[in-house]
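A.B. asks: A single structure is presented below for examination.
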Amino acid sequence: MELSVIALLLLGFVNFSWQNEQAPRVKTSLGDIRGYYKISRHGRKYEAYEGIPYAQPPVGNLRFKPPQPVQEWINELPAVEKGPVCTQYVVLSTPQNGDKVTGCEDCLYMNIYVPFRNGNESLLPVMFWIHGGAYQFGSGNKVNETLVMDRDVILVTFNYRLASFGFLSTGDSVVPGNMGLKDQNVALRWVHNHIRSFGGDPNQITIFGLSAGASSVHYHYLSRLSAGLFQRGISISGVALAPWAQTKYAPEKARRYAATLGCPTRNTKEMIDCLQTRPARILSQATGEVPDIYAPFGPVVDKYGPDPFITRSPIDIIVSGEAYDVPWISGVVSEEGLYISAAFVGNDQLLKQLNDDWDNIAPYLLDYNDTLPLNQHKEVAEKIRKYYLGSNPIDSNTSLSVTHMIGDRMFSVDFQKAAILKAKINKSPVWTYYYSYRSMHSCSEIVSGGSTKNFGVSHGDDAFLVLDTRISNVSRPNDLEMQQILLDFYTSFAIEGKPRAGDVQWQTLDPNEKEFQYLHIANPQNIKMETSNDSANINFWNTIDFNENKISGQE
């Protein structure tokens, strides 16, 4: 006990000393930046530069416009406090003050964390994190960087515009869309251009993200704007082919959205001029008027703008061979569907409601309301239910099957398709994984409103174990070991160009094999390569002709 107290006192003294010594400073072509020192999870000193603007504030006439380059500053920039989060409607929880709207429009800021170099001139690999949140919520500010700072990599986190501010599209040149993805691109370009000033290697940038951030990573492989700005990527539970990652009927949704705000909808310029006058808070509150469980506003084909992010559908870009050809890792967890189902699987009343009204709820729950004709909705709902549940009712005994149904449809099927296509068409290696380790805490606790019941391994449980403050401060030995395995996985890929997980030889995906190959991370003592000829029940889902990911000319 005495040794522990002494260690804590020494750590506090070191921390106090570092905070009071001369602050770290860097010089960039935009101006000087001053940061501050912090301590990593296991006691390493590192530099923190928080709240760095990477684009002009998208306010006033710049609302709904592509991001504009940040201007030079004259005085030293104090980068000692994170910038505000982007305006968003809080979906998964209610803040203590009860206000569901948070953030502001002036939010395009990044945070850069750099291991203390102590005179070492070697450039460090860079990891560029893209946060998730269905393109509607979230922030790079929520990342807990302290564990990553135990390794010799630079970590960059940032905010990008969300919901209507980042993804409204009129389907023409007025607001082509994808402002949020363009924010990401400008942030990535900023890092590519300036990270050398922080001791980072602009030719060793790994982009990685979770959920919508994972699909964003995939989108950067498909955009000519981002080609050359990074050397590898990791998509954690999300790809651009996922149904929620491609917005259907975006112009119609924009008009419906504008109508709820009392704006004219016949002329898109007049409509946007009107939306420009509405307070950000009102715009954020109105997002709930656009019916979509997953992402009412998200990525679109924006070929009408002067600097389009993508001019064709993701599938067309992929099969044409035009995607950026650099290494990629992609994977899923065993109960991806908990992203949605955790809100109801522990509630018998909600399960009964889902059971009784399945035919009407299924098209929205499984996101095919816009991709199948109305006269097929009931037939497909019954077909899916029969496959996963047989003749059983939806209740606590079958809730896991419902979770797997949602996860297969929304994440796992298209993850597999995207990985195989990239491995088949491009030359760079592709690695895939399947994560089924349940730690003491889970993201399902957030979605379920605090329930600690074990519903399975939730969407986000892998990345959050390393990067999120809400569940990353773990104490169980197996959880701590898994943290290190995942940290090795992410950082070894950034440093060496090949991922490492435990002592297993992680093989690349061979698209010519009949069975899908992946690394199964079951627990710290059980990590191995596996294969499947029907992963995510993909053969069943291929029998349903959704109007999704159709190659042009083959509709």
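Even glycines carry a Cβ here, placed using N, Cα and C.
Note that the coordinates shown come from a computational prediction; the quantities given were computed from them, not determined experimentally.
The following feature annotations were taken from Swiss-Prot:
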| type | residues | note |
| --- | --- | --- |
| ACT_SITE | SER211 | active site, acyl-ester intermediate |
| ACT_SITE | GLU336 | active site, charge relay system |
| ACT_SITE | HIS459 | active site, charge relay system |
| DISULFID | CYS86-CYS107 | disulfide bond |
| DISULFID | CYS263-CYS274 | disulfide bond |
| CARBOHYD | ASN120 | N-linked glycosylation site |
| CARBOHYD | ASN144 | N-linked glycosylation site |
| CARBOHYD | ASN369 | N-linked glycosylation site |
| CARBOHYD | ASN397 | N-linked glycosylation site |
| CARBOHYD | ASN473 | N-linked glycosylation site |
| CARBOHYD | ASN533 | N-linked glycosylation site |
| SIGNAL | 1-19 | signal peptide |
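Please situate the listed features within the shown structure.
C.D. replies: The Cβ of SER211 (active site, acyl-ester intermediate) has GLY132, GLY133, ALA134, ILE236, SER237, GLY238, TYR339, HIS459, GLY460 as same-chain neighbours under 8 Å, each 6 or more residues away in sequence.
Under the DSSP three-state reduction, GLU336 (active site, charge relay system) is assigned to coil, being neither helix nor strand. Sequence-distant neighbours of GLU336 (active site, charge relay system) (same chain, six or more apart, CB under 8 Å from its CB) are SER237, ILE406, GLY407, ASP408, MET410, PHE411, SER412, SER458, HIS459, listed in sequence order.
The secondary structure of HIS459 (active site, charge relay system), as reduced to three states from DSSP, is coil rather than helix or strand.
Within its own chain, CYS86 (disulfide bond) has GLY103, CYS104, GLU105, CYS107, LEU108, SER139, ASN159, TYR160, ARG161, LEU162, PHE165, GLY166 as residues 6 or more apart in sequence whose C-beta sits under 8 angstroms from its own.
For CYS263 (disulfide bond), the number of other Cβ atoms no farther than 10 Å from its own Cβ, over all displayed protein chains, is 18.
In the structure as shown, the Cβ atom of ASN120 (N-linked glycosylation site) sits within 10 Å of 11 other Cβ atoms.
For ASN144 (N-linked glycosylation site), the count of additional Cβ atoms within 10 Å of its Cβ stands at 17 [all protein chains shown].
In sequence order, PRO363, HIS377 are the residues of the chain that are 6 or more apart from ASN369 (N-linked glycosylation site) and have a CB within less than 8 Å of its CB.
According to its DSSP assignment, ASN397 (N-linked glycosylation site) is coil. There are 11 other CB atoms within 10 A of the CB of ASN397 (N-linked glycosylation site), with all protein chains counted.
Cβ environment of ASN533 (N-linked glycosylation site): LYS514, GLU515, PHE516 lie under 8 Å away, each six or more residues apart in the same chain.
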A.B. asks: By the count of other Cβ atoms within 10 Å, pick out the sparsest of the recorded positions CYS274, HIS459.
C.D. replies: CYS274
A.B. asks: Measure from the CA atom of CYS263 (disulfide bond) to the CA atom of ASN144 (N-linked glycosylation site) and give the result in Å, rounded to a whole number.
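C.D. replies: Answer for this pair: 41 Å between alpha carbons.
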A.B. asks: Helix, strand or coil: which one is CYS86 (disulfide bond) in, per DSSP?
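C.D. replies: In the DSSP reduction, CYS86 (disulfide bond) maps to strand.
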A.B. asks: Taking the Cα atoms as reference points, how far is ASN120 (N-linked glycosylation site) from CYS263 (disulfide bond) in Å?
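C.D. replies: The Cα atom of ASN120 (N-linked glycosylation site) is 58 Å away from the Cα atom of CYS263 (disulfide bond).
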A.B. asks: What is the interatomic distance between the Cα atoms of CYS263 (disulfide bond) and ASN397 (N-linked glycosylation site), given in whole Å?
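C.D. replies: Pair distance, Cα basis, whole Å: 48 Å.
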A.B. asks: Any idea what the Cα distance is from ASN397 (N-linked glycosylation site) over to CYS274 (disulfide bond), rounded to a whole Å?
C.D. replies: 51
